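Peer 1: Just dropping this structure here.
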């Protein structure tokens, strides 16, 4: 049997949302890896260099998407700093 | 055309500005108003030392040679940053909690503060960083050479080497001045951090400026640029999945394993929340740094003569277009990239070398307490750090000389990366797997280091430089399965993928197997639990059980390392906490642990542990201690659970007591009321008996009156007797001393008896009985039941105020019980009184009319209870109604209870 506030199984809405945000942050690199692996599925011998600028635009597009998602998530999340901050000497 | 001397002058000015910025930052920090130095912006900018001269110059060269593959080097860290919740947050928290000074310290501290592991990691880091530092020297030297060349002077080796040497010397001076000011590696180097932040902005602006110039100035806009890219000979996407995935992994891993990245990410982190902001801001920085790499490469290949070094396009493209100002900015950007990386890398490496190699050796040469009590350790460590900075740069310089300075920058960088990531299995295993042991980590690291040296590092010098061509072709001593680029006979792989694959697989495998078969020391297990469960505040065993040292000796040692001010502050704080005055607290295990952690912030966990161990001579933590701590924690948990249960129990008891108390109080009030009632009831007839008997005694009354008075006295005496009988009856019933006499009889006969006994003669009360009544046979104490019936019928006779009083008696069979209702057509009893009527001496109507003491219904209730049923007032019957509930077969049981 465990006790204490850490072992809560069910949370109110705000706490629940925070946990799902953390899940989203954890999933973000997975999404990144999947999206960045997609070019490997592109057909090999299409002859022309038609993929050159297309690949460039795709990779940078994914990059921007990841940055925007990460910025959005980190804004929504409340990060509780740890107890012993190394603040400026006052 | 920029003259070479102007370039030199501008560079020196730039360095002077950096000096000033660093110096002012130090000053502001000393004065205590440097809050902005702890902002997330500065943190993000300091991470930019990931973008070195490799990025600034090499990325364009990389893109010109291998297309989009260059982006993997920046996408890997992007993935690592946006997934900061996985690894980085834990690293930062551990770094803070354990006062980690470097990546070697992390690994050493995790695996039982092992000195040897610290050494191994330090060696790997230094060897892996050497090519990287060489890369920076090479790029700065080459960029100088470009300006010399544009002045019509082609540099030869001698001039290149001299430049590389002077750059190294300059860097050593700058780094020593600002990087070894304080011993506590955990404290931030404000000057360096500020200089890095400025350089981060300069290199970003420079690269963006060149990019904007290329896209809008040369190509004429983004869409024209895309057309040019499609037309260029660069194959942007070459479908080499192995390299693409390997490099993503490599750069992501290197991002946390490189000593300098660990330094800025973890050691210099001021606030965990900065990580959340850097998680998108730093990827954005990387993306901007990479944005114009392909355009610059494409335009460079178009504009410059074939054979030009693509690594220098960032510089040569603006020069070739006559944009001297832009070229100068670009040069400063490249210079910034190289210098900031070298500064932080050498600080990080020097900390590792001094803490994990020099100090342990120095301590082991003085095997007794003298080591920590005499000799200026502080001085030794600082000197070691300064010399290490010079040594590391010198090694880089040697690599640059040996490799000849002609290799592509990216190729050198990748070799360095793959060396650094050999630490990854031990580090990740250490913070996520409690079963990881020192033996496993050491074995894995050594295997990884060996494989990396053989497959990537040594071959990076080129064939016949350190490894002869015949070894490349046939393996050492003719063992073909040991060929450096085709281990185990698997040839045809890309050499880089081959090296990373084999080294990581065998490194991780050895680490896991070594950990599975070995048994950790107690300190390892203690540290392992603290690292892995860093977010749970679990009970920790103190690492020392026996503190035999004097506080004064400890203070002397601490002063030698931390300096007297800081050491005294710590001792004084502890003494105050213990309620003592002065500087010498009680030496408790907890205090020794605190002190050790403070020392670890300066000299690393392993050294601090060894030093404290030498001084106190106490025994370290044992397996029994660990188990005791675990038991203790379990006991505390159990105890608190038990306390909780007990307090619930106590609450219940208290509530029961409160209830009992209330009942007792009520009973006491009842008793008082009963006594006063009964005295009153007895007193009234007694008074009349006494007064009439007085009259009779005096003999002054006539015969008629005498007769009447005697009659009154008689009546009152009967009333008194009846009252006393009733009281006695009630008391007997209430005490349960009554003997019940069970009989079987017909209800109809009982009622006849009751009506006869109720004195209905002369009354106009009409009894109505339902026909079912006659069929019922009951088994109970019939005499007692008749008593109840008589009481109810008599009540009705006395109180029914209807013009034609009528009492209806009906019987219902309800399974286990009979319900016998007595309902008259009187005005009934008000709701307030319905509960009261069964209490003793309660009379709803006025007493004189009733002629009773109000005990009747109380007696009825007691009788019915004894018979196993009850009597209730039945509301809603348009008159006074009572319901008797009589069990069919309950009597025996009830008797048994009596």
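Each Cβ is built from the backbone N, Cα and C atoms, and glycine gets one as well.
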Peer 1: Check each of the ranges B:225-243, B:244-262, B:472-490 against TrEMBL and return the one annotated as transmembrane segment.
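Peer 2: Of the candidate stretches, TrEMBL labels B:244-262 as transmembrane segment.
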Peer 1: Using a Cβ cut-off under 8 Å, which residues of the same chain at least 6 positions beyond either end of the transmembrane segment (B:163-180) come close to it?
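Peer 2: Non-local partners: 15, 18-19, 22, 26, 137-138, 140-141, 144-145, 155, 189, 191-192, 195, 339, 342-343, 346-347, 350, 382, 385-386, 389-390, 393-394, 396-397, 400-401, 405.
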Peer 1: Quick check for me: are there 3+ Cβ pairs below 8 Å between the transmembrane segment (B:6-25) and the transmembrane segment (B:274-301), leaving out pairs under 6 residues apart?
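Peer 2: The answer is no, given that the two segments have fewer than 3 Cβ pairs within the 8 Å cut-off.
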Peer 1: State the non-local partners of the transmembrane segment (B:408-432) in its own chain: residues 6+ outside its ends, Cβ under 8 Å from one of its Cβ atoms.
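Peer 2: Result: 52-54, 57-59, 61-62, 65-66, 70, 73, 87, 90-91, 94, 103, 106-107, 110-111, 117, 121, 124-125, 127-132, 134-135, 138-139, 247, 250-251, 253-254, 256-259, 311, 440-441, 444-445, 448-449, 452, 456-457, 460, 496, 499-500, 503-504, 507-508, 511-512, 515, 528, 531-532, 534.
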Peer 1: State the non-local partners of the transmembrane segment (B:70-88) in its own chain: residues 6+ outside its ends, Cβ under 8 Å from one of its Cβ atoms.
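Peer 2: That would be 50, 54-55, 59, 62-63, 244, 247-256, 265, 275-276, 278-280, 282-283, 286-287, 289-290, 293, 410, 413, 428, 431.
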Peer 1: Checking distant contacts: for the transmembrane segment (B:192-219), what same-chain residues at least six beyond its ends satisfy Cβ-Cβ under 8 A?
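Peer 2: Non-local partners: 17-18, 21-22, 24-25, 37, 42, 45-46, 48-49, 51, 56, 175, 178-179, 225, 228, 264, 268, 285, 288-289, 291-293, 295-296, 299, 303, 314, 317-318, 321, 323, 326, 329-330, 332-334, 336-337, 339-340, 343-344, 347.
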Peer 1: Would the transmembrane segment (B:274-301) count as touching the transmembrane segment (B:338-363), i.e. at least 3 C-beta pairs under 8 angstroms with sequence separation of 6+?
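Peer 2: As far as Cβ distances go (cut-off 8 Å, pairs 6 or more apart), the transmembrane segment (B:338-363) and the transmembrane segment (B:274-301) do not touch.
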Peer 1: Using a Cβ distance cut-off of under 8 Å, indicate which of B:117-135, B:244-262, B:439-457 has the most pairs with the transmembrane segment (B:383-402).
Peer 2: B:117-135
